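Working notes, beginning with the structure itself.
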Amino acid sequence: METLCQRLDACQEKILDCFENDSKKIEDHIVYWKAVRHENVVLYKARQNNITKLRHQVVPCLQVCKAKACVAIEIQMALESLYKTEYKVEEWTLKDVCENMWHTAPKQCFKKSGKRIEVWFDGKKDNRTEYVVWQWVYYCGDNGWTKVPSVVDYKGIYYVHDGNKVYYTDFNDEAVKYGYKGTWEVHMGNESIYCPDSVSSTLRSNVSPVETVVEYNTYNTYQTPTTSTPVGANEAASSARPGKRPRTTEPDSTDTTRQSAARESHANRVNTNNTNNRQCLGGATCYNTEVDGGYKTTPVVHLKGEPNRLKCLRYRCQKHKHLFVNISSTYHWTNTHTEYSYITVVYKDETQRANFLNVVKIPPSIKIVMGHMTGVDM
């Protein structure tokens, strides 16, 4: 068991080093996926021996270990193949070759520089869905790896694979899921594509109009789409979105009374007129809460950065447990579309926080925001 623990530690140290180095070379990402593969092999072997924990890490079931190892092998082999081409000299981030990107449509391809477009179903702006158009798609075909752009037309989003169009998003299928009338509009920056009548009423195989192809320029900044009249806009529009039913019953008066009383009780416990209120993370105002006649505030540090780097830092912080009281898991704000996440570190006093910041090495790519919180469980 000790041998397995040592091998697991070695694999995880290598993985963390790859996160911290933030390399843009394919050969370094091959090393990362080899380490992930070996990590899951060690966990698989441990589970075979009925070991459910290696030190503090829970060992997943055999099926999970096997599935993760297979994904690591698949991506590692694809990268080793791509490394033999002229594309190896390009910049490749760990995000470009991560598992999520590999399984994002079009699957089993590498992709770069995605830009979002909007598709309005039934001509309604409030019934819209976002899709990604990739500036470059790298696929392995009959002649090895090829780099092509993805393209938008009224049928969907596609790329050309060995001379054939491969649609990885079909707007006709999406209209069945999200709309009622089978019509849609595609909005890309200040350009729009409208669905012909023949497409909205028949399957794509029966369509023979002149194709209007727009190759989306992914370097353009996204602008507000222009207002336009959709195909079939004069038809009666449905008032509800698919899968949602309007609420027709009035809330129980007893529940309403209870909710009002609870809100009033909470408002009485929070003193919003206190002059010590501060501006906190995300632009919200932090209020000092009065508890037993005094203000109980706890010093904290919010760390902002890419999720993998934050997880790496949190792992490293376990060596300095004496310098903080608690540390959160990785989280993000739900009302923003950003790739950054946060972790929060709680301290018993200002001195402990200062010691933490002096001792723990925090990478420059992670932003440090200091503040205070109330009502924190110590």
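Cβ atoms are placed via backbone N, Cα and C, with glycine included.
Here is what Swiss-Prot says about this protein:
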| type | residues | note |
| --- | --- | --- |
| COMPBIAS | 221-230 | compositional bias 'Low complexity' |
| COMPBIAS | 268-278 | compositional bias 'Low complexity' |
| CROSSLNK | Lys304 | SUMO cross-link |
| REGION | 1-200 | region 'Transactivation domain' |
| REGION | 221-281 | region 'Disordered' |
| REGION | 297-378 | region 'DNA-binding domain' |
At a 10 Å cut-off from the C-beta of Lys304 (SUMO cross-link), count the other C-beta atoms across all protein chains.
17
Per DSSP, how many helix, strand and coil residues does the region 'DNA-binding domain' (297-378) have?
27 helix, 26 strand, 29 coil
Confidence summary (mean pLDDT) of the region 'Transactivation domain' (1-200):
88
